[in-house]
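Visitor: From Swiss-Prot, here are the annotated features:
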type	residues	note
REGION	1-308	region 'Formyltransferase ArnAFT'
SITE	Asn104	site 'Transition state stabilizer'
ACT_SITE	His106	active site, proton donor
SITE	Asp142	site 'Raises pKa of active site His'
REGION	318-664	region 'Dehydrogenase ArnADH'
BINDING	Asp351, Asp372, Ile373	NAD(+) binding site
BINDING	Ala397, Tyr402, 436-437, Arg464, Asn495, 529-538, Tyr616	UDP-alpha-D-glucuronate binding site
ACT_SITE	Glu438	active site, proton acceptor
ACT_SITE	Arg622	active site, proton donor
Amino acid sequence: MSTKAVVFAYHDIGCVGLQALLDAGYEIAAVFTHADDPREKTFFGSVAQLCARHGIAVHAPEDPNHPLWVERIGKLAPDFIFSFYYRQLLGDSLLACAKKAALNLHGSLLPRYRGRAPANWVLVNGESETGVTLHQMVKRADAGPIVAQQRVSISATDTALTLHGKLRDAAADLLCETLPLLAAQGQLPATPQDESRATYFGRRTPADGLIDWSLPATQLYNLIRAVTQPYPGAFCPVGDNKLIVWAASVDTSSNGEAPGTVISHEPLRIACGEGSLVITAGQRGDNGLYLSGEQLAREFGLVAGSQMLDKAKRRSVRRTRVLILGVNGFIGNHLSERLLQDDRYEIYGMDIGSDAIERLRAKPNFHFIEGDISIHTEWIEYHIKKCDVVLPLVAIATPIEYTRNPLRVFELDFEENLKIVRYCVKYNKRVIFPSTSEVYGMCQDANFNEDTSNLIVGPINKQRWIYSVSKQLLDRVIWAYGQKGLQFTLFRPFNWMGPRLDRLDSARIGSSRAITQLILHLVEGTPIRLVDGGAQKRCFTDVVDGIEALARIIENRDGRCNGQIINIGNPDNEASIRQLGEELLRQFEAHPLRGHFPPFAGFREVESQSFYGKGYQDVSHRTPSIDNAKKLIGWTPGIELSETIGKTLDFFLREAMAEKADQC
């Protein structure tokens, strides 16, 4: 009885994988591939053509994870599902269609170089070895247990094309050895990946080929060979023109010249941060001829002493203008402080108060107006038109208000913010919108994933969900506008904490976050109230960690955050509200100001309805997946919960002491 397989494949490696399955006697039930993109230079073999030659059914669905395709694949009842350089992630329901295993062939020695374009990245980074890995597919990309690997050496003269040929041959050898064993045994031993060694690299774009002459010559040489033909090439501006470098060599000397200075034109040799680069081949502009380095020097008029500079770079660089509505709020004031530490930003902010930003108002690149977003619409529209990036941070985000003032929550959080989003559409401005972990509602996933987790809320009579659905609806509106060209990023904070989170006065009327309420009880000597026993778990994130992630989203290196949703939370800092209260108490008792406050009055368990009123409903856990944050902005949180609690407690105790001083 033959072994049945469904194959997802593209590129040369896809052809190699499919041919290896045929050679090993597998029955190919169906093949899924991609239609070639006319904008992409097609230098590789065609899976579709190979299928046609063998009479194999081939498909190119836009979404292979669509229930219709999953159902069809399930009916095929494959023993195995294989993925060979297929460019879309296969979901759990699709992978479950394989009776024995779902396996992927990845072009690196996992766990290193997970992600996109590993052959290019290993060259960029100057590696001397890579390889191919056959591994089990799991929900996370390239993270499943390893079935087989084959190593490939990288020579100093390898380019992306020659290395791809080596990887293609290695893949053929590995599959020739592995596939017959797999068919005979049904399973092969698999070794879990060592997560401590894992690295992830994202998609490369033509813009990544920009040459920075301040870097060492060896680093630039590695970039050039990583993106030379058939890829778009490494390039640099020369005056108003573009020089694409196809081939080069390294000279260890720079003759003492500044980076970017032409040392000679025969050969064309340019000083770098360390050493110099000899350009041996390239072209002028995207449609120019392939020329030698010496002819390029003549084409561009380069002589010894010339500077490889972009005219635009010679002019002063304008700071990025960032509009923050709700600048006095918890995120707004911390974000402003962080961006002002970087001289690349100019902040324009509006809020109805200014107590949290007084420390920033004297800074030359900080501009503040006191105002209400529902009233000062002309000022807002003008500044959206004027600025580059817009962050509408104004919202009611305290749970008691969801049941106490649901219409006000909807009016402010949805209606007023929708106006701002539409101004961003009108003036083609990038919007970075604060979604919320609340949108996941009662999702049952162990870790909430931005792209796959269902957003589940309670019945209409549970009004606490009005905040969640207001935010979710705006997320969906922004996403829809994004399909029509709006530049956006949605970020979802998971229980950020730190100084200036709230005010004790807000806690006194119940309109604050959980930790502020707990601290107020300690300050006033009243029992700490644990709603429904405090068993609910949350993942608490230090505001310093959170703001660093947000700053990277604003920076948006290589446009990686465009059109993305990014959870910003710390899954390692999960604690129940009771545990939060207990740690607060421990640090409170040890604090130098402890003697100024009443004795601890104990914990008291209360029902949620008596605390929040009718219409409240809670969730047991809220744990983020931060894979998107890791791969898109290279972010992982690092501050432990106990440190965050200590900083937050200290801030509020000092606020309480200041209140006492004012009353004297």
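Cβ atoms here come from the backbone N, Cα and C positions, even for glycine.
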Visitor: So which recorded positions out of His106, Asp372, Arg529 end up within 10 angstroms of Asp142 (site 'Raises pKa of active site His'), measuring C-alpha to C-alpha?
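Guide: Within 10 Å Cα-Cα: His106.
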Visitor: For the binding-site residues listed here (Ile373, Ala397, Ala535), which one has the lowest count of neighbouring CB atoms within 10 Å of its own CB?
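Guide: Least crowded of the binding-site residues Ile373, Ala397, Ala535, by Cβ count within 10 Å, is Ala535.
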Visitor: Using the Cβ centroid of Asp351, Asp372, Ile373 as the reference point for the NAD(+) site, which residues of the same chain not in that list have Cβ within 8 Å?
Guide: Leu325, Gly326, Met350, Ile352, Gly371, Ser374, Ile375, His376, Val394
Visitor: Roughly how many Å lie between the Cα atoms of Asp372 (NAD(+) binding site) and Ala397 (UDP-alpha-D-glucuronate binding site), rounded to a whole value?
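Guide: Distance (Cα to Cα, whole Å): 17 Å.
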Visitor: Near the Cβ of Arg529 (UDP-alpha-D-glucuronate binding site), how many other Cβ atoms are there if near means within 10 Å?
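Guide: Result for Arg529 (UDP-alpha-D-glucuronate binding site): 16 neighbouring Cβ atoms inside 10 Å.
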Visitor: Consider the binding-site residues Asp351, Ile373, Ala397, Asp532, Ala535 and say which one has the Cα lying nearest the Cα of Asn104 (site 'Transition state stabilizer').
Guide: Ala535
Visitor: Just name the most isolated of the active-site residues His106, Arg622, going by other Cβ atoms within 10 Å of its Cβ.
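Guide: Candidates: the active-site residues His106, Arg622. Fewest Cβ atoms within 10 Å: Arg622.
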Visitor: I'm checking region-level scores; what's the whole-number mean pLDDT for the region 'Dehydrogenase ArnADH' (318-664)?
Guide: 92
Visitor: If one measures from the C-alpha of His106 (active site, proton donor) to the C-alpha of Arg622 (active site, proton donor), what distance in angstrom results, rounded to a whole number?
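Guide: Cα-Cα distance, His106 (active site, proton donor) to Arg622 (active site, proton donor): 32 Å.
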Visitor: Return the member of Asp351, Glu438, Arg622 nearest to Ala535 (UDP-alpha-D-glucuronate binding site) in space, with distance defined Cα to Cα and candidates limited to these recorded positions.
Guide: Arg622
Visitor: Run through the Cβ atoms and count how many others sit within 10 Å of the one on Ser437 (UDP-alpha-D-glucuronate binding site).
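Guide: A count of 24.
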Visitor: What is the Cβ neighbour count of Arg538 (UDP-alpha-D-glucuronate binding site) at a 10 Å cut-off, with all protein chains included?
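Guide: Within a 10 Å radius of the Cβ of Arg538 (UDP-alpha-D-glucuronate binding site) lie 21 other Cβ atoms.
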Visitor: Taking the Cβ of Asp532 (UDP-alpha-D-glucuronate binding site) as reference, which residues of that chain separated by at least 6 in sequence fall under 8 Å from it?
Guide: Glu605, Val606, Glu607, Ser608, Asp618
Visitor: Just how many other Cβ atoms lie inside 10 Å of the Cβ on Asp142 (site 'Raises pKa of active site His')?
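Guide: Other Cβ atoms found within 10 Å: 23.
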Visitor: In whole Å, note down how far the CA of Ala397 (UDP-alpha-D-glucuronate binding site) lies from the CA of Asp351 (NAD(+) binding site).
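Guide: If we compare the Cα positions of Asp351 (NAD(+) binding site) and Ala397 (UDP-alpha-D-glucuronate binding site), the gap is 15 Å.
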Visitor: Closest to Arg622 (active site, proton donor): which of the recorded positions Ile373, Ala397, Glu438, Arg529, going by Cα position?
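Guide: When the Cα distances are compared, Glu438 comes out closest.
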